[in-house]
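Please read the structure below before turning to the comments.
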Amino acid sequence: MVDLKTKAFDIAQNFTISLDGPAASGKGTIGLILAKKFALKYFQSSIVYRQLAFNCIHQQIDITDIDAVIALSQELKLDNNIDLENEDIGDIASKIAVISEVRNNLNHNLINLVKTTPRIIMEGRDIGTVVAPDADLKIFITASPYVRAVRRYNQLQAKGKTCILDEIIQQIILRDKRDKERKVGPLLPALGAFIIDTSKLSAIEVVEEVTNYIKNKIT
């Protein structure tokens with residue numbers, strides 16, 4: 001059996017990391033740094049839900065029409081030329097993500113991607129519990145709602161987008177509630193996950209903690 005340290009640092013080995021956590025916990029930044037450090041393909045699973053949300057808006061589909069949303073999820077194709085980093089799109093994505101059939105349809109594609117990619121880090125809400133339960137390393141990161149809201153606020157401000165901090169805080173609290181209470185793939189740490197609170201840590205510090213965990217993990 002190949003140990004975790006060898007899988008991580010030997011690029012000839014297959015290596016899968018699941019990176020889960022709530023909205024704006026720092027998953028994206030941390031995931032990209034880890035991907036570069038360990039020569040992994042990085043994939044953000046929320047993109048498929050945001051793409052579906054965008055398609056619902058573009059095709060004027062009422063998201064309360066469950067059958068229509070499910071049908072649209074069966075033929076989803078990603079468009080890399082679209083800016084999906086929008087709070088309205090994110091809010092709709094969170095709402096349609098609670099639909100069991102939608103999650104099953106989109107997760108099928110995500111599972112195939114994990115299985116066919118030798119070295120990958122996939123980031124989301126239920127990667128370690130549903131999409132890649134056999135991942136070599138399962139990470140769950142979190143932070144307080146206020147800290148996460150400030151991070152999201154700063155991200156949007158940097159992009160020149162108008163936003164109100166209090167509204168972002170409420171959106172994050174509501175999104176957390178939906179994520180934790182949905183029937184399929186609720187937000188929770190996977191069994192055996194390395195759990196990190198990033199409230200007082202920079203992305204680099206989190207990566208250092210993950211690296212030390214890998215080096216010292218006894219399998």
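Backbone N, Cα and C define each Cβ position, glycine as well.
As recorded in Swiss-Prot:
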BINDING   G21, P22, A23, A24, S25, G26, K27, G28, T29  ATP binding site
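Sequence-ordered, the extra residues of this chain that approach the ATP site, with Cβ no more than 8 Å from the Cβ center of G21, P22, A23, A24, S25, G26, K27, G28, T29, are I30, I141, A143, R148, R151, T198. Listed binding-site residues: A23, S25, K27; maximum Cβ neighbour count within 10 Å falls on K27. By the criterion of other Cβ atoms within 10 Å of the residue's own Cβ, the least surrounded of the binding-site residues G21, T29 is T29.
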